[in-house]
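K.L.:
Mind looking over this structure? Questions follow.
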Amino acid sequence: MGWVESKRWVDFFNPDSQAVEWATPWSRTAENFANFTGEQGYPGGKFFDPLGLAGTVKDGVYIPDVDKLERLKLAEIKHARIAMLAMLAFYFEAGQGKTPLGALGL
């Protein structure tokens, strides 16, 4: 996970710099996963809302709700950060060499 996050960090400051993979130089990853505007965005891309939950359907036509989509993207970032902190807690607990209840002092 650290390798992936380091690539994301580098690409954040230098957009499209991580588009060509060293193992598959013929494949342009950023073009394949760019969002519908063609820009490299974080998080998301064209596969962020495949079920269309961020918009409404009116008269059989899907109308995207940009504000709701932005809120969902922000929520994804927040939930991912909480999950990373929870995983860090598991690492600290395992480093003590105790059982989960023993680490809590029970």
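Keep in mind that glycine also has a Cβ here, set from the backbone N, Cα and C atoms.
Sequence annotations record features per position, and here TrEMBL assigns chlorophyll a binding site to Glu76, Arg81.
Give me the structural setting of these features: burial, nearby parts and distances.
P.N.:
Mapped onto three states, the DSSP output places Glu76 (chlorophyll a binding site) in helix.
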K.L.:
Hey, what's the Cβ neighbour count for Glu76 (chlorophyll a binding site) at 10 Å?
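P.N.:
Neighbour count, Cβ to Cβ under the 10 Å cut-off: 13.
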K.L.:
Taking 10 A as the limit, how many CB atoms besides its own sit near the CB of Arg81 (chlorophyll a binding site)?
P.N.:
10
